[in-house]
Amino acid sequence: MLEESKNALRVFITGNPGVGKTTILLFLINKLSENNYKVAGFYCPEVRENGRRIGFRIVDITTNEGDWLAKENAPGRVKIGKYTVLEDSAKRITEITLSNINKADVLAIDEIGPMELKIPTIKKLIETILNNQKPLIAVLHRTQKPMGGRIYVITVENRDSIKYEILNYILSSLD
């Protein structure tokens, strides 16, 4: 899936569920933006109702536009576990993200995981981003194999300090 990229910055963030991987990615995106770097890509936050996860959204980083990716009890033909993929919504957001890639300095993905890789439009977007030579920051599901680059394993114990280590590494690599 990933073509060899010799010079591109590749940062992968992984760890168990709930340790703060998405929070760290959003922190990094915010700090890069503050340093005048344009970031494109997407993230897929979970949606909870009464403390229970009911689905996932997909959000374009550049425009902050989002829509449902997968939801419990939704009509549709593609099921992933207890969630139904809302293909039209996912496709609309992936098209927005694809249109922003060429304008970006840095690309970001949250997450490269089993669910995202089972959805054809998301899988194609992930492959497009991974094969791009621009710097990349990606959240990697704990079951996915490393893809080269630098890998940071996030834990509850290190999440507050490691985000600065990752940021410093990225900024020094971009300068």
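The backbone N, Cα and C atoms fix where each Cβ goes, glycine too.
Per Swiss-Prot, the features are as follows:
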- 15-22, 106-113: ATP binding site (BINDING)
Three-state secondary structure, Gly15 (ATP binding site) (per DSSP):
strand
Name the residues of the same chain, 6+ apart in sequence, whose Cβ is under 8 Å from the Cβ of Ala108 (ATP binding site)?
Leu25, Leu28, Ile29, Val39, Ala40, Gly41, Phe42, Tyr43, Ile61, Leu136, Ile137, Ala138
Please state whether DSSP places Lys21 (ATP binding site) in a helix, a strand or coil.
helix
Pick the one among the binding-site residues Val19, Val106, Ile112 whose Cβ has the fewest other Cβ atoms within 10 Å in this structure.
Val19
For Val106 (ATP binding site), which DSSP three-state class applies?
strand
